[in-house]
Amino acid sequence: MNNTQRTLFAIYIPITLLIVIFDNIYSNEAMVQHLKYTIMITLCFSVTVVRKKFWEQKLMALSFLFMVIADFFLVFSTTVNGIKADFSLFGIAGFLFAYLSLIAAYHKNFKVGKAEAITVIPVASIFLYVFVSLRPYVKGFMFIETLIFGVVLCYMTWTAVCTIFRGYFNPRIASLIALSGSLMFICDMGVAFSLFHPLYAGSYMCWPKSIVWAAYILGWTILAVIVSEKDLRISTAADSFQSTVYTDEPLENN
């Protein structure tokens with residue numbers, strides 16, 4: 001683990017705990033929502049300035065931009081006085097593009113073997129449960145967009161976990177990719193209930209929100225750690241040549 005990665009963990013893991021505490025003390029206060037959005041902006045900035053050795057890392061970094069745009073519509077806009085419009089569609093679209101960027105980055109050495117087929121089962125089962133539970137409450141174009149988003153989210157999660165079996169990324173990074181994708185999946189399943197299920201949408205329930213935000217920040221922090229990794233892929237001759245001209249300068253732009 002390099003200095004940039006240690007710094008990211010040292011900063012954002014305590015911040016995650018702080019958010020969970022604040023979310024329970026100051027439930028749904030604008031101050032806490034602003035803090036959450038600011039944290040994700042700083043994480044995006046960190047990923048932007050870190051030097052990226054592989055083009056897959058650039059795709060991952062692009063997903064952070066879409067994430068910040070999505071959070072503007074889903075989080076920040078809800079705290080602005082006078083704004084009554086529902087921008088959920090734009091927020092969902094932002095995360096849709098973020099996950100498409102991640103799919104492009106993870107979709108290496110594609111194959112569907114026994115391990116990949118088994119991995120489909122838990123992801124699809126959870127999604128189907130959430131889909132059936134929320135279907136009566138999602139109507140019109142929102143239903144179409146959320147269905148498309150759900151399919152993309154499931155595929156992103158599945159292909160993230162399957163990097164473990166495909167031998168493109170080094171084993172440690174593949175495990176981190178799988179963990180990051182799984183945390184994002186958990187987060188978005190929770191967000192779906194908070195947006196659409198009347199039991200959760202009409203009130204602010206602290207512990208589900210805490211789980212969602214903890215999974216959210218940790219998932220994206222782990223992705224930021226992956227972006228700053230020098231040994232992303234299983235070594236090839238081309239990678240060995242590239243490593244001779246790469247220096248670890250975490251605050252230098254590309």
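In case you wondered, yes, glycine gets a Cβ from its N, Cα and C as well.
Summarising the annotation, TrEMBL assigns transmembrane segment to 7-26, 32-50, 62-81, 87-105, 117-134, 140-161, 173-199, 211-228.
Same-chain neighbours of the transmembrane segment (32-50): 4, 8, 12, 15, 19, 22-23, 26, 60-61, 64-65, 67-68, 71-72, 75-76, 78-79, 213, 217, 220-221, 224, 227-228, 250-253, counting only residues six or more beyond its ends whose CB sits under 8 Å from a CB of the stretch.
Remark: the transmembrane segment (117-134) makes no contact with the transmembrane segment (87-105), by the rule of 3 or more CB pairs under 8 A.
Beyond its flanks by at least six residues, the transmembrane segment (87-105) meets 56-57, 59-60, 62-64, 66-67, 69-74, 77, 141-142, 145-146, 148-149, 152-153, 155-156, 159-160, 181, 184, 188, 195, 223 of its own chain at Cβ-Cβ distances under 8 Å. Among the recorded stretches 140-161, 173-199, 211-228, the one sharing the largest number of Cβ pairs closer than 8 Å with the transmembrane segment (7-26) is 211-228.
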